[in-house]
Every structure is written in C-alpha cells, then in structure tokens.
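J.: Before I ask anything, here is the structure I am working with.
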Amino acid sequence: MSLMLEPNPTQIKEERIYAEMGLTDEEFAMVEKILGRLPNYTETGLFSVMWSEHCSYKNSKPVLRKFPTTGERVLQGPGEGAGIVDIGDNQAVVFKMESHNHPSAIEPYQGAATGVGGIIRDVFSMGARPVALLNSLRFGELQSPRVKYLFEEVVAGIAGYGNCIGIPTVGGEVQFDPCYEGNPLVNAMCVGLINHEDIKKGQAHGAGNTVMYVGASTGRDGIHGATFASEELSESSEAKRPAVQVGDPFMEKLLIEACLELIQLDALVGIQDMGAAGLTSSSAEMASKAGMGIEMYLDDVPQRETGMTPYEMMLSESQERMLIVVKKGREQEIVDLFEKYGLAAVTMGKVTEDKMLRLFHKGEMVAEVPADALAEEAPIYHKPSKEAAYFAEFQQMKMETPKVENYKETLFALLQQPTIASKEWVYDQYDYQVRTSTVVTPGSDAAVVRVRGTEKGLAMTTDCNSRYIYLDPEVGGKIAVAEAARNIVCSGGEPLAITDCLNFGNPEKPEIFWQIEKSVDGMSEACRMLQTPVIGGNVSMYNERSGEAVYPTPTVGMVGLVHDLKHVTTQEFKQAGDLVYVIGETKAEFGGSELQKMLHGKIFGQSPSIDLDVELKRQKQVLAAIQAGLVQSAHDVAEGGLAVAISESAIGANGLGATVKLDGEATAALFAESQSRFVITVKRENKEAFEKAVEAIQVGEVTNTNEVTIHNEKNEVLLTANVDEMRKAWKGAIPCLLK
C-alpha cells in the first residue's frame with residue numbers, strides 16, 4: 001500500500017526531491033516559472049518523466065533535425081506513433097523501431113517481450129494492421145554465463161510475445177561484442193499495412209469530446225520506466241526491477257482487433273498508445289498536438305492494485321493500454337465494441353479549450369499543468385562535443401593486412417564467429433510463417449512479406465555494423481544506411497524509407513556526443529543520396545555499465561517495395577552452370593572486420609570507406625537487372641568478406657557449390673570488408689544482357705560438386721571447402737556455445 005504521505009511542494013524544493021526524479025536544479029526552476037508556483041508531488045512527477053531524454057529527446061533534438069524526413073511517398077514523418085509511406089494503390093506501409101535496452105538488461109524476458117508489445121501498439125495506433133516484426137540485438141561474448149542467460153531470455157521473450165499475438169517475426173540481426181556485456185541492446189521493429197483513408201492520428205480535437213481509457217488495467221509496474229531509461233545502468237539497477245513492465249500478448253491481440261474495428265467508426269477522433277510515461281505522455285501529447293487541453297478523473301482509471309495515488313496512475317507503464325478521444329455522445333458504442341472483445345473501455349475525461357492538463361482525484365484537483373509545457377517545452381540542450389581521443393590515433397595508423405596461414409581454416413573459423421554464424425537457433429523459436437504472407441523467411445539478405453490482394457511485396461531489414469561506427473562514426477553511419485538498402489535491393493525491393501534506433505552511451509560525455517553527431521551526419525548524407533527519408537525512430541542514451549559505453553549503434557530499419565513478387569530474389573545459388581559475378585572492387589580494408597577481431601581480439605584503425613555515388617549507381621544497376629529477370633541469386637558482401645558471402649550462397653542451396661577465381665592479394669580478396677559489393681549469379685543465356693546492364697566481373701560458376709573452390713589469379717587453389725562441412729560448422733556454432 002502506498003499510503004505514505006507525499007512530500008509537500010516546499011519539501012520537494014528544499015530537500016531537492018525533484019533531483020531523485022531526474023530533474024536538474026535549472027529544470028525545476030523552469031517548472032516553477034511555467035506554473036508561477038511550486039509544483040506538487042504529482043506535477044513534479046509529470047515534468048520529470050515528460051522532460052526525460054527518453055520522452056523529450058532534449059539532448060538529441062538538435063542532432064535529429066539533421067535527418068531528411070520528407071519525400072514524395074512520405075505520408076507521415078516523425079512525431080506520431082509511427083511513420084507512413086505510400087506504396088501505391090491507395091495503400092501505405094507503417095513502420096517504426098524502438099529500443100527496450102535498459103529493461104532487457106535487468107529482466108530480459110519481460111524487457112524484450114514488452115519491447116515487442118510496445119512497438120506493435122505504435123503501429124496499430126496509426127490504424128494499421130501489423131504484418132511483420134523484426135529485431136536487432138546486441139550482446140557481449142557468448143562465453144560469459146551472464147550473456148548466455150540474457151541472450152536466451154531475450155530471444156524467448158521476443159518469441160513468446162510475437163508468437164502468441166500471431167504476427168510473424170521475419171528478420172533481424174544479432175551481433176556479439178565485449179562492449180555489450182553489461183548493457184545488451186534490444187531494438188524491436190514492427191511493420192504494418194493500411195489504406196490511406198484509415199490513417200489515424202494521436203490528437204485530441206473538439207472541445208467537449210470524451211477521453212476514454214481502453215485495454216488492460218493499471219498497476220504499479222513500470223513507474224518511472226522512461227526516467228530509468230535515461231540514466232546509466234549500475235549495480236543498483238537490479239533494485240529497479242519494478243520498473244520493468246509485464247506483457248500479456250493475448251490481451252494485446254484482442255486490443256489490436258478491437259482498435260482496428262474502432263478505427264472504422266466515425267466516432268473515433270484520436271488514438272494513442274500509452275507507452276513510455278503511460279497516461280502522462282498520451283494525454284499531454286494528444287492535447288498538445290491538437291492545441292487543446294484535457295481534464296481527467298483518475299478515480300475512473302481501471303486499477304489492478306489498491307490505493308494507487310495520482311502520481312502512480314499517471315506514471316505507470318502497465319502494458320496493453322490505449323487512450324482514445326471519441327465524439328461526445330458516442331461513448332456507449334465504444335464500450336459495447338470493447339466489451340465484445342472482453343476489454344474495458346471507460347470514460348475518464350474530456351477535451352477542453354484552454355490547453356491545460358487537469359487531473360482530479362477524490363473530488364480534488366491534483367494537478368494543473370499546461371499540456372504544451374509537458375509535451376513541447378522541455379529544455380533543449382546543445383551538449384558539448386569533442387572528437388574522441390582514439391579517433392585521430394586510428395586514422396593515422398598504417399593498416400597492414402592480417403597474417404593468415406591457412407585460408408580454409410580461417411574461413412571455417414569465421415563461419416563459426418557468432419556474429420556471422422547461422423542465427424537459426426534464434427529464428428527457429430519465432431513463428432515466421434503465421435498469417436502465411438511471408439515470401440522470404442529469415443536467413444536471406446532481407447525478409448519479404450506479401451501485400452495481400454496484390455502482386456506486391458514489402459522487403460524489410462535491420463542493419464548496423466557498430467564496429468565501423470566506433471572506428472569512424474560518420475563513415476560508419478553512411479555504411480549502416482547503405483548496407484540496409486543493399487539488402488533490400490538484393491531481395492528485389494526498391495528502398496523506400498528508414499526508421500532508426502540510435503543507441504549510444506552517456507550524451508553528457510563530449511566524446512559520446514561527438515559519436516552521435518557524426519553518425520547522424522553520415523546517416524543523413526546516405527539517406528539523402530539513396531532517397532530513403534527517416535520517418536521516425538527512437539533514441540536510447542546512457543547505454544553504459546560501470547562507465548564503459550557500448551559501441552555507437554544507430555540501428556537502421558529499412559522497408560522497400562517489391563513491385564512484383566516475381567522479382568523476389570534470395571541469396572542462395574539456384575542451379576549448376578550459372579555464372580558467378582562480383583560487383584564492386586575489393587581493397588585491403590580490415591578495420592573493424594570480423595577477421596581483425598578474430599585474430600587480435602579487438603578492433604582498430606580505419607573503417608572501410610564508402611562512396612555513396614558508386615553505391616547508388618550499383619544498387620540501381622542490380623535492381624534493374626533483377627526486375628529485368630536477369631538475376632538468379634543476389635547477396636550483399638558484408639562481415640567476413642567475399643569468401644563468407646560465396647560460402648553462404650552455397651550453404652543456402654542444396655548440393656551446389658562454386659568454383660571461382662579472385663584476383664589480388666589473397667587475404668584481402670577472401671576476407672576484406674570493402675563496401676558496395678555484391679555476389680550475383682546469372683543464367684548462362686543471360687550473360688550478354690547482364691554484362692550490358694551491370695558493371696560486374698565474372699569470377700566463376702556454380703557447380704554441382706557440393707564444394708566451394710577459390711583460386712588466385714595464377715590459378716593456384718587458395719581453398720577448397722565441402723559445403724556440408726561448412727553448413728555444419730556455420731549452423732552449429734551458436735548452439736555449441738550455448739551448451
């Protein structure tokens with residue numbers, strides 16, 4: 001029972017209780033000035049959570065403004081629950097990615113599960129039906145028992161929620177590096193489909209209209225979750241387990257169906273998910289976006305615990321709840337609709353004209369705050385930025401090609417590195433076929449989901465090589481966007497737009513803020529060049545444990561349009577006799593590479609370089625060749641270089657191999673991680689047409705020998721590897737480490 005007496009306004013100021021809630025002295029003075037008086041305990045809570053980095057982006061807004069956010073297909077950019085992009089035929093794709101890093105570090109199963117639940121709500125709150133889930137995960141090295149536990153529980157949490165709710169988890173990525181040991185990253189992405197006329201906004205228009213609460217009841221879980229996400233993890237974080245919410249996927253499944261039915265009613269004015277900061281953010285944001293106010297009667301909030309205070313109800317982050325505004329007089333229709341699904345829908349307030357958020361409890365007004373002050377007027381900080389000390393040192397290093405004695409052994413060792421190895425152990429736990437629209441299942445460059453009732457598909461991927469970004473944030477930022485687009489193109493899709501999840505350390509450290517600025521500069525430049533605007537996303541700061549930050553990890557979630565499903569292309573070889581081509585030049589670039597990490601146990605030097613003009617030209621050529629029906633298989637060359645890419649294309653096929661000849665110094669030819677490269681196979685009869693359309697070098701052919709043989713330019717064999725043995729090593733690596 002929380003019947004402890006709340007501190008009064010004078011105590012809050014004199015004892016600096018606001019500081020424990022996350023407000024600085026200057027911020028508290030601003031609140032005092034806005035209100036013209038000292039705030040009470042509930043009001044202090046409202047400001048502390050709405051002005052947290054997690055809700056207000058107060059440290060990152062100046063940087064986020066650099067992103068291009070408009071384009072001819074963009075129907076909704078950043079600022080709503082999720083972004084929306086037109087895909088023709090009166091249809092649109094809705095998508096967004098968010099982090100649930102801090103909760104997952106402490107309570108990995110529920111942290112990951114509720115991350116999935118929250119991102120699904122962001123998508124269906126726009127009026128869209130969720131059709132696919134993806135995720136991007138980062139962990140420490142699997143040798144550590146703690147990391148094994150986090151990895152197994154996070155994957156189980158994602159699977160548990162996604163499988164129950166009946167939305168396929170179709171793709172994602174998992175990378176392992178020591179810097180994530182104490183602070184894993186769990187980024188979840190949801191993609192939905194909508195007809196243009198069904199698009200809804202989270203806005204509270206129309207004075208006198210009714211504010212209703214729908215979905216699950218409110219408990220004490222997740223109070224101050226947004227504030228918890230805006231500080232560094234420490235040993236005492238374990239004590240904050242109550243801040244991790246518990247998800248109920250069956251409740252959410254009912255909520256989706258009820259909300260999608262609700263959206264068809266003209267009674268609905270606005271709808272928003274109660275996510276971070278729960279009732280506070282949904283009410284303040286909906287009022288502020290509409291230029292209105294809201295009055296709420298907290299006695300009417302469905303509560304699953306006794307004696308909850310206004311402070312607790314407003315800050316709870318209990319899951320599976322939405323706030324809606326409906327036309328006055330239509331409330332009973334809404335109640336009946338939700339009752340049909342066994343869900344609560346209660347009237348708890350109304351829209352007002354005076355732009356104030358007013359809260360009443362037990363007949364008394366317990367808070368009166370301008371909605372704009374909470375939602376829009378958080379202070380914005382231009383943090384000091386300073387080039388990281390390591391950067392100049394890395395830039396000046398003379399890069400030497402790593403010494404490799406045995407190419408075959410090295411290839412096998414690379415295939416067994418957890419970052420490269422098969423993620424089948426992960427995605428086998430996910431139901432990626434539910435709804436039966438999945439055209440390309442996990443394991444290829446991008447997943448493809450059918451757009452029902454059409455011949456179109458949506459290609460989708462998450463990408464980010466954090467090592468490159470650590471070595472050179474600006475170049476690494478460009479590479480993250482370019483690689484995502486390359487994966488979409490290899491699957492037969494035209495890249496449309498991105499959502500981003502910016503995972504960084506403590507922005508109050510100038511070297512971290514420099515990483516944020518530079519990587520956003522690089523991403524923005526690539527988004528402009530590749531014409532993939534940023535339509536929404538999420539910032540996750542303070543990803544540190546004991547003062548050590550994670551690698552800068554601005555994850556890119558990209559969606560592309562496959563204009564005709566017959567263009568869908570996958571990475572595995574298709575038939576013996578096809579010609580193997582490599583597009584793009586290989587340089588001796590090993591900085592941040594899988595080979596460098598494997599041989600030295602650390603990364604250093606310069607990241608691979610990228611020329612965005614060249615990248616765009618190659619992507620356009622490859623996509624045109626795929627659409628012309630000239631391409632059998634396509635695979636982006638990424639971690640592990642050409643040897644790994646060719647091996648993966650053979651591993652995915654049945655009984656096929658390849659014989660190829662690679663020019664240049666052998667270690668670089670096999671394992672360097674130069675950008676803007678593709679491995680493509682083409683039917684022999686399409687050789688001339690393909691070579692006319694694409695600048696590519698034929699390096700060999702697909703065989704039915706079940707072996708990959710790679711020669712150097714003198715025709716000497718560098719390595720011969722049996723595909724079954726490679727597959728066994730590649731598939732067995734992660735299960736073996738988990739034993």
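Note that Cβ sites are derived from N, Cα and C of the backbone, with glycine treated the same way.
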J.: Return the residue out of Lys33, Lys96, Lys566, Lys574 that Swiss-Prot annotates for the same ATP site as Tyr57, Asp500, Gly537.
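T.: Between Lys33, Lys96, Lys566, Lys574, Swiss-Prot records just one in the ATP site with Tyr57, Asp500, Gly537, namely Lys96.
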J.: Note down the number of other Cβ atoms within 10 Å of the Cβ of Glu317 (substrate binding site), including every protein chain shown.
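T.: Summing over all protein chains shown, Glu317 (substrate binding site) has 30 other Cβ atoms within 10 Å.
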J.: According to DSSP, collapsed to three classes, what secondary structure does Tyr57 (ATP binding site) have?
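T.: DSSP assigns Tyr57 (ATP binding site) to coil.
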J.: Which secondary structure state does DSSP assign to Glu98 (Mg(2+) 1 binding site), in the simple three-class scheme?
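T.: Where Glu98 (Mg(2+) 1 binding site) sits, the three-state DSSP reduction gives strand.
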J.: For Lys96 (ATP binding site), which residues of its chain lie six or more apart in sequence with Cβ-Cβ distance below 8 Å?
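T.: Within the chain, Lys96 (ATP binding site) has Cβ neighbours under 8 Å at Gly81, Ala82, Gly83, Ile119, Asp122, Val123, Met189, Cys190, Thr499, Gly536, Gly537, Asn538, Gly557.
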J.: Among the recorded positions His54, Ser99, Arg121, whose Cα is within 10 A of the Cα of Asp273 (Mg(2+) 2 binding site)?
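T.: Arg121, listed in sequence order.
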J.: C-alpha of His54 (active site) to C-alpha of Glu317 (substrate binding site): distance in Å?
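T.: On Cα coordinates alone, these residues lie 13 Å apart.
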J.: Determine the minimum-neighbour residue: among Ser99, Asn101, Gln319, Asn538, listed as binding-site residues, which Cβ has the fewest other Cβ atoms within 10 angstroms?
T.: Asn538
J.: Would you identify the secondary structure of Gly537 (ATP binding site) according to DSSP, in three states?
T.: strand
